[in-house]
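Visitor: Input: one structure, supplied below.
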């Protein structure tokens with residue numbers, strides 16, 4: 001459960017990402033593909049090179065989903081319900097892949113936010129991304 005301080009930290013960190021959210025999430029996805037090659041199986045016929053149009057497009061989708069979660073911190077299950085259905089029933093993404101992506105989101109944010117990505121922000125973002133992952137995998141039964 002996110003504390004009031006966590007929510008403040010998450011909103012603040014996401015606001016610092018700002019207009020770079022699509023690019024940063026594309027970079028996080030690219031890092032995920034490099035670090036965990038099995039994640040590529042969900043993206044047939046993709047150009048996996050850095051900055052490809054497909055990675056940019058998917059990065060923006062991820063950024064939009066994260067932004068939606070940030071905007072609905074008090075009711076993420078409702079806000080992300082359709083995405084949860086999509087990933088569980090249609091795409092059938094292995095839940096471990098959310099952990100891989102979340103790790104790389106943290107790495108990417110740390111790389112770009114530098115000193116603004118404090119240990120406290122890191123901890124709050126980690127809790128937030130774990131909560132998003134839990135919501136996205138909640139319909140896997």
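Using the three backbone atoms N, Cα and C, a Cβ is placed for every residue, glycine included.
Swiss-Prot lists 1-141 with the feature domain 'Globin'. Under the heading phosphoserine, Swiss-Prot lists 3, 35, 49, 124, 131, 138, citing similarity to another entry as support. Residues or ranges marked as N6-succinyllysine in Swiss-Prot: 7, 16 (among others). Look at Swiss-Prot and you will find 16 tagged as N6-acetyllysine, backed by similarity to another entry. Residues annotated as phosphotyrosine in Swiss-Prot, with similarity to another entry given as evidence: 24. The O2 binding site annotation in Swiss-Prot covers 58. Residues or ranges marked as heme b binding site by Swiss-Prot: 87. For 108, 137 (among others), the entry in Swiss-Prot reads phosphothreonine, with the evidence type similarity to another entry.
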Visitor: Taking only C-alpha atoms and a 10 A limit, tell me which of 3, 108, 124, 137 are near residue 24 (phosphotyrosine). These are the modified residues.
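Guide: Those near residue 24 (phosphotyrosine) - Cα within 10 Å - are 108, in sequence order.
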Visitor: Could you please provide the mean pLDDT value for the domain 'Globin' (1-141)?
Guide: 96
Visitor: Tell me the coarse DSSP state (helix, strand, coil) of residue 108 (phosphothreonine).
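Guide: Reduced to three states, the DSSP call for residue 108 (phosphothreonine) is helix.
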Visitor: Could you tell me the C-alpha distance between residue 7 (N6-succinyllysine) and residue 108 (phosphothreonine) in angstrom, no decimals?
Guide: 20
Visitor: Can you tell me which of the modified residues 108, 124, 131, 137, 138 is spatially closest to residue 3 (phosphoserine)? Compare CA atoms only.
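Guide: Comparing Cα positions, the closest of these modified residues turns out to be 124.
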Visitor: Of the recorded positions 35, 58, 138, which one sits closest to residue 131 (phosphoserine) when you measure Cα to Cα?
Guide: 138
Visitor: Within 10 Å of the Cβ of residue 131 (phosphoserine), how many other Cβ atoms can be counted across all chains shown?
Guide: 19
Visitor: Take the Cβ of the residue listed as 'N6-acetyllysine' and count every other Cβ within 10 Å, whichever protein chain it belongs to.
Guide: 14
Visitor: On a C-alpha basis, identify the one among 16, 49, 87, 108, 124 that is nearest to residue 138 (phosphoserine); the candidates are the recorded positions.
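Guide: When the Cα distances are compared, 87 comes out closest.
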Visitor: Radius 10 Å, atoms counted are CB only; among the recorded positions 7, 87, which position scores highest?
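Guide: When each Cβ's neighbours within 10 Å are tallied, 87 leads.
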Visitor: For the modified residues listed here, 108, 137, which shows the highest count of neighbouring CB atoms within 10 A?
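Guide: Per the Cβ count within 10 Å, the most buried is 108.
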Visitor: So which recorded positions out of 16, 49, 58, 87, 108, 124 end up within 10 angstroms of residue 137 (phosphothreonine), measuring C-alpha to C-alpha?
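Guide: Of 16, 49, 58, 87, 108, 124, within range: 87.
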Visitor: Starting from each candidate's C-beta and looking 10 angstroms out, tell me which of the recorded positions 35, 49, 58, 124, 138 has the most other C-beta atoms.
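Guide: Going through 35, 49, 58, 124, 138 one by one, the largest Cβ count within 10 Å is at 124.
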